[in-house]
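Straight from TrEMBL, the features:
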TRANSMEM  B:73-90  transmembrane segment
TRANSMEM  B:140-163  transmembrane segment
TRANSMEM  B:170-188  transmembrane segment
TRANSMEM  B:219-239  transmembrane segment
TRANSMEM  B:266-286  transmembrane segment
TRANSMEM  B:292-311  transmembrane segment
TRANSMEM  B:318-335  transmembrane segment
TRANSMEM  B:355-382  transmembrane segment
Amino acid sequence: MIRVIAATLALLLTSFSVSAQDTTGAIQQVLQEHSAAILKSSRMTIGPAIDAVADSGLEQAQAVLQAWSDKNMWVREADGLFFRATEAEGGYSLTDFDTGEVVGVFDKDALDQIKPNSGIRALIGTALVQFQLKDPDPLRRQEALTSISRAPDPALLKPLRNSIEMETDPTLRAQKLRQERLLTIGYDADSDARVQAMADMSGDLSVDVRAALNPLVATRRAVVQGDVPEGTNVARILTPGSDALPRVEAYDMLVAADLAQPRVTNAAMRAALEANIADGRVGGVSVQQLGSDAVRRAAYIALADAGTVPPFISEETVQETLDGFTFYDAYADPSRQITDAANDALNAIKLKVGLNQAADLTLDALSLASIYFLAAIGLAITFGVMGVINMAHGEFIMMGAYTGYVVQQIVPNHTLSIIVAIPLAFAVTFAAGVAMERLVIRWLYNRPLETLLATFGISIALQQLAKNIFGTQARPLTAPAWLDGALTLNDVVSISYIRIAIFFLALFFLAVFLFIMKRTRLGLETRAVTQNPRMAASMGINPGRVNMLTFGLGSGIAGVAGVAIGLFAKVTSEMGSDYIVQSFMTVVVGGVGNIWGTLAGATMIGFLQKGIEWGNPSNTLAAQTYMIIFIIIFIQFRPRGIIALKGRAAGD
Amino acid sequence: MNRSFVARNPSVLIFLALLALFTLGVTVLSEGFGVGMISTSFVKTLGKTLCLCLVAVAMDLIWGFAGILSLGHFAFFGLGGYMIGMWLMYERTRLIVVDALAQGSMPPTPQEVVDGIGNQIFGVVGSSEFPLVWAFADSLVLQLALVVAVPGLLALVFGWLAFRSRVTGVYLSILTQAMTLALALYLFQNDSGLRGNNGLSGLQNLPNVTASQDVVSMWFFWGSALALGSGYLLAAWVVSGKFGSVIRGIRDNEARVRFLGYSVEAYKLALFTLTACIAGIAGALYYPQAGIINPAEIAPIASIYLAVWVAIGGRGRLYGAVIGAAVVSLLSTWFTGGQAPDIPLGFYTVKWVDWWLVLLGLSFVGVTLFAPQGIGGLVDLISDRLRPDRHGADLGPDQGSLREKEAHK
């Protein structure tokens with residue numbers, strides 16, 4: 001009956017469209033042919049209508065689809081013709097799709113808007129892509145490519161291939177070729193073509209290649225009685241009780257597939273016993289005795305034997321049941337050739353990604369090392385050369401960072417403010433260092449442990465002072481815009497420009513340090529005073545002045561380091577204490593009194609920390625713990641650090 | 001030279017008498033056992049202060065007498081607290097869980113009880129399994145043994161590693177600081193098994209004790225006083241004998257003592273371990289009075305404050321350490337608690353909550369520079385025990401033993 005009605009309807013429609021043929025244009029004809037589907041606007045039946053418009057080869061097809069998708073296509077109720085409608089005075093002005101002529105203004109009541117739902121709009125969007133791919137505007141072509149990469153679809157493969165030939169823009173052409181390969185991997189009907197495409201893309205590091213390959217090798221875990229059915233593309237057979245498939249999990253799979261009785265958990269057993277208590281007894285056991293698992297199990301088995309509760313599943317039963325089944329992982333794709341090729345390609349990519357990650361890690365480690373070196377280089381002067389433990393070193397770093405912050409409040413231009421802040425931070429902390437040396441440290445040269453304590457007193461006072469002045473919240477120290485962003489070598493290896501800048505700053509200070517120590521009078525005098533102050537004094541060197549200047553230099557460098565560190569870390573009153581222990585570690589591990597030692601120490605600690613973090617990525621706290629333990633043990637074997645001073649320079 | 005121990009150390013007797021008098025006074029004035037003039041919370045503060053005095057005595061032993069500036073003794077203090085805290089928390093939770101399960105229709109199995117406790121304790125860190133470190137938490141005796149054993153063992157291993165490779169002076173200080181930092185960072189993790197940064201809490205409630213906090217706080221006060229008295233006596237005994245002479249020798253000139261044939265490392269290691277054990281006991285008494293322990297307590301800064309107390313009190317004399325710890329920690333409580341009156345300067349009001357640390361830091365510099373003998377040095381003025389005249393250059397306790405021509409300045 002229904003069929004008869006449908007046939008009649010179809011016949012009617014055909015005759016209607018035939019009658020309309022004389023008066024309407026080509027695209028209107030196509031629309032009329034599928035008028036029923038278009039008016040019904042159902043995602044299930046709309047496919048042929050969209051395809052018919054898209055494949056009509058008419059130049060208006062794109063405009064129609066666009067109008068349709070934008071909900072600008074209206075139907076005139078009087079004759080069922082479709083028009084593009086725009087709102088106008090007194091109703092809607094209709095435009096003919098074929099001729100582009102305005103037919104006239106009609107009242108809203110005489111019209112019906114075609115409202116495609118989001119599902120249909122997505123289908124239209126896919127159909128539109130082939131037009132966009134050939135659009136004269138490169139921007140539109142780019143948009144189409146982006147939409148393909150976002151939502152790959154088998155239907156897009158053909159239009160994409162067709163559009164490659166006409167592409168004139170080399171960048172877009174490359175992108176199209178690449179996208180074509182990716183779609184081929186996923187959707188081409190010909191297996192050999194897919195395998196070829198995988199081989200072509202196997203050296204590519206981009207995430208989208210992996211995204212295209214991963215679904216092919218996705219596996220589904222399944223269980224079957226007896227042997228694996230023919231024609232299944234098995235990834236591997238699993239043994240229950242192995243790491244990949246614990247026995248509990250295997251048994252649960254059977255239960256989920258209704259192939260076995262559920263195991264009775266302790267909680268279920270308890271609930272079942274509770275439900276069956278009668279007169280203070282259950283399963284022949286007094287409730288008072290149920291305080292142990294063995295008794296409970298016995299009572300439950302008694303209940304099960306009586307048939308009141310599901311049977312108890314013992315370990316032996318579980319094992320027997322498991323023995324009768326085969327567990328395996330199967331690929332969704334039935335073709336072995338495809339999955340093998342995808343696995344090969346993924347392995348090749350994995351190896352390449354691994355190598356690149358190692359490179360990226362090395363860059364990270366190098367950058368961390370340069371931060372540690374920068375934080376420690378001032379200490380290498382005050383502690384390494386002069387032997388003064390300055391616990392307020394971290395607070396000098398903080399003072400430098402706050403100087404940078406204050407300068408940025410006054411000088412709004414970020415580039416200029418950094419240029420001003422660096423020498424100013426040096427000046428401020430140099431002055432602070434000189435003041436501290438003159439007022440406190442010079443009285444304590446004979447009592448190193450007390451230097452430690454006195455400078456610690458200064459450290460807590462400075463920290464609290466900063467808190468009182470700047471408050472407890474973190475203050476921003478913004479890097480200039482040209483330091484924003486990162487140097488990206490490929491999808492895996494990248495490093496931010498700030499870190500590169502810090503690396504070069506560290507190198508610069510290494511050079512400054514070496515120049516001052518080896519090439520200037522101050523350096524010579526410093527080395528003389530450190531080795532033997534009395535001898536130096538008798539040669540006419542003023543040890544007090546030299547100590548003062550050297551200490552000021554070390555403190556000043558700490559201030560500059562503070563500006564650099566403030567650029568990527570937050571500026572707080574406690575930022576100094578974050579670096580102080582690591583800085584001392586760097587100097588001690590490297591070897592006191594030798595700048596190359598400090599460099600080696602910073603490199604070792606930086607690489608070590610990154611290495612540990614890489615091994616245990618979720619837990620940076622643990623990484624720091626292990627690193628400190630490693631350093632404590634390292635000191636056992638090289639108590640004087642990596643590069644130890646020998647002979648007279650060693651002091652004792 | 002065969003005078004009795006007390007005769008050689010009159011200060012011990014004086015100290016113990018003062019401590020007994022103080023304890024008696026607080027008892028009489030307390031809410032739990034006396035007229036109620038001292039509030040329970042202040043009794044707890046005093047009890048905690050006594051524990052801090054005890055750890056300061058340990059610090060004085062290792063720093064003032066052996067010259068080893070350890071910046072890690074609060075790690076041992078905290079470990080002691082963690083060890084006793086584990087039992088307190090386990091036992092109290094067990095009682096609650098057993099009570100709750102007893103409401104059920106059938107008696108719980110042992111496994112259900114343990115699971116219940118695990119859920120209660122480790123729920124905050126998203127786990128319910130008991131980590132290995134809690135293996136003995138159900139036994140008070142074993143945990144009490146661990147209060148001494150764990151800090152002692154850590155000190156033994158760390159000290160053996162450090163002293164064996166002749167790490168001395170400031171290097172050792174930095175290394176001990178690194179040790180306590182590593183421990184604190186480790187405990188901060190949630191999967192360290194000690195509840196991460198939540199720490200252990202509710203420690204002020206003793207399991208199976210129904211007495212009010214007024215009474216319990218006095219028990220702990222007496223316990224702390226007793227521990228301080230015994231610890232002081234032990235420390236005085238240790239430093240008075242031959243052992244004491246050797247460690248003072250090590251402080252003043254390690255190389256000479258070594259050349260005299262003493263095993264410097266063994267002496268240092270023994271003293272380091274002993275002081276760690278004392279610190280552990282002090283911590284085990286402190287944290288039940290504080291009620292909560294978390295990894296922030298053993299951050300490096302805490303150990304540095306310990307050194308500050310001892311330095312301000314006066315190193316190299318045991319009563320100095322006690323005075324320093326008591327004075328500075330009570331003053332800190334007073335200033336940071338907001339009780340100290342603000343000072344209006346017209347243009348700016350000095351709030352002590354903000355400025356106390358600045359004052360402490362600067363006064364610390366002042367003490368180091370101008371009074372290396374600390375507050376305890378005032379006793380010398382009374383007892384007429386003046387040091388030889390150095391013509392202005394005070395070398396402090398460690399180099400104070402040098403003859404004048406040996407000193408550099």
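Glycine is treated like the rest: Cβ placed from N, Cα and C.
Tertiary neighbourhood of the transmembrane segment (B:355-382): same-chain residues 308, 310-315, 317, 319-320, 323-324, 327-328, 332, 335-336, 340, 394, 396-397, selected by CB-CB distance under 8 Å and a gap of 6+ residues from either end. Counting Cβ pairs closer than 8 Å to the transmembrane segment (B:219-239), the top stretch among B:73-90, B:140-163, B:266-286, B:292-311, B:318-335 is B:266-286. Most Cβ pairs under 8 A with the transmembrane segment (B:266-286) among the ranges B:73-90, B:140-163, B:170-188, B:292-311, B:318-335 are made by B:140-163. Sequence-distant residue pairs (6 or more apart) of the transmembrane segment (B:73-90) and the transmembrane segment (B:318-335) include fewer than 3 whose Cβ atoms are under 8 Å, leaving the two stretches without contact.
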